[in-house]
Structure formats: structure tokens, C-alpha cells
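Colleague: Reproduced below are the annotations present in TrEMBL:
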ACT_SITE  D6  active site, nucleophile
ACT_SITE  D8  active site, proton donor
BINDING   D6, D8, D174  Mg(2+) binding site
BINDING   D17, D94  substrate binding site
Amino acid sequence: FLLVFDFDETIVDENSDDSVARGRALPEELRQSPRHGSYNEHMQRVLAFLGEQGLRAADFRAAYESIPLSPGMAELFQFLSKHHELFEVILISDANTFGIEAKLRAAGARSLFRKVFSNPASFDRRGFLTLGPYHSHKCLQCPANMCKRKILTEYLAERAQEEVEFQRVFYVGDGANDFCPSGTLTAADVAFPRKGYPMHRLIQEAREKQPGAFQAAVVPWESGAEVQRYLQELLRR
């Protein structure tokens, strides 16, 4: 089985970009995320400002490490590590590699993930955390720096070339940008949208508009325990 996780408001219970800037007096033009233009570029400016305020690697690491996991997520990770031979686990996130790696290591969960796909982030000569776009794509639904559907379909194609075929794909997410990749799932697969979040709403709207167009089974969750319960049942069968 392939299990795909989003990061912000899925693995962790907050948006990590907000968490890192919390308690910092951002100038007015950086306080609002942009209505138009690229959110990735907006975060590049926020991180540059924080660098100018003296934040360095240790400060950023501490900020990311302290973000709380979503309810039931630690237990779900324990379950997955117990059955690691049955699940291949990857992460696709529009956050950044530095923050995700820091949090997963702090949670003792980094080894669970075969691959982490996120926007590249590293420290420049000044010690500022810099951010780049993940890739470019032609999808009209997604932000310019990342289409998760493209990442997922390329990953499945790459694994197929390596002669790895997945029985089923499970996708755990919350945001509008998780709706696009979940649209590629087949009737054998399962989408786990966080209850009441944009991904859940978009799936409901798609199913009302065009019954049958969204093929995957849909299992909304409020806690990782619900995802774990579903996977446990599956293994019992």
C-alpha cells in the first residue's frame, strides 16, 4: 500500500508558516498572505524579514519542532512503523524541507517516510533561511510552485518502472491543494480528508456536481485514530 501524507494541518495541527512567524512583529505588507501572486514568494519575503530580525537555524528548528502534531497522529505513526513492511509512506507538502525534516525528526517519525517532496529550503551565507519553488507545471488548479497531482503521478510512474505496484493508494490531507491529487485516485483507493477542511468540502462539491466523477472511497477524519482504525480493519481482512 502507498500512504501519502500532507504536512500542514494534517501531520501537524497548524500551518507551519504561521507557526514560525508567530509572536514576530511582521510589517503590514507581510501580515496578510497575498490574494494575488505567489504564496511561495510571499513566504520567501517573510523568511528574509525574519532573517533580518536575527532568526537563525536554531531558532527556526525550535519553532518547527514545537508545532503540535494533529490528534492521533503519533499513534498512527506507531502503527505504521509496526507494519512498515506493508506500507510505503511519502509526504507531499507545500511547506518546506527544513521545517518538515526538523519536525519529523523531533517526533521520531523521519524514518517512516521513504520520500519527502516539498519546497527546497536552506541557509545562505548570512544564515538566513531561504525558500525556493518545488517545480513548475501546467495545472490550472494549483499554485505555480507545486502541483501535488504531478508529484504523485510521477512518483507512481517511477515506482512502476522499478517494478513496484501498489495494491491501493491512501491519501491523507486537508487543503485545497490536496484535492487535485486525490482526483487521480481510483475506485480501489481511499481519500482521507480532514473533516470540515477545504479538501473535504471540495470532494463533497465534486460528488454532488458529478456523481461518480470522484472515484476513491472517502473517509473523513478528525483524529489520526480514524485513519489507523480504517487501516487496521483492512489488514484484518
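Including glycine, each Cβ sits where the backbone N, Cα and C put it.
Bear in mind that TrEMBL entries carry predicted annotations, made automatically and left uncurated.
Tell me about the surroundings of these features in the structure.
Modeller: Take the CB of D6 (active site, nucleophile) and look out to 10 A: across all protein chains shown you find 26 other CB atoms.
Cβ contacts within 10 Å of D174 (Mg(2+) binding site), excluding its own Cβ and spanning all protein chains shown: 24.
Around the Cβ of D17 (substrate binding site), the same chain contributes D8, M43, V46, A95, each under 8 angstroms and 6 or more positions distant in sequence.
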Colleague: Using Cα coordinates, what distance in whole Å links D6 (active site, nucleophile) and D174 (Mg(2+) binding site)?
Modeller: 7
Colleague: Can you check which residues sit near D94 (substrate binding site), meaning Cβ under 8 Å from its Cβ, same chain, 6 or more apart in sequence, and list them in order?
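Modeller: Looking at Cβ-Cβ distances below 8 Å from D94 (substrate binding site), excluding near sequence neighbours, one finds D8, Y39, N40, S118, N119, Y134, P143, N145, M146, K148, G175, N177.
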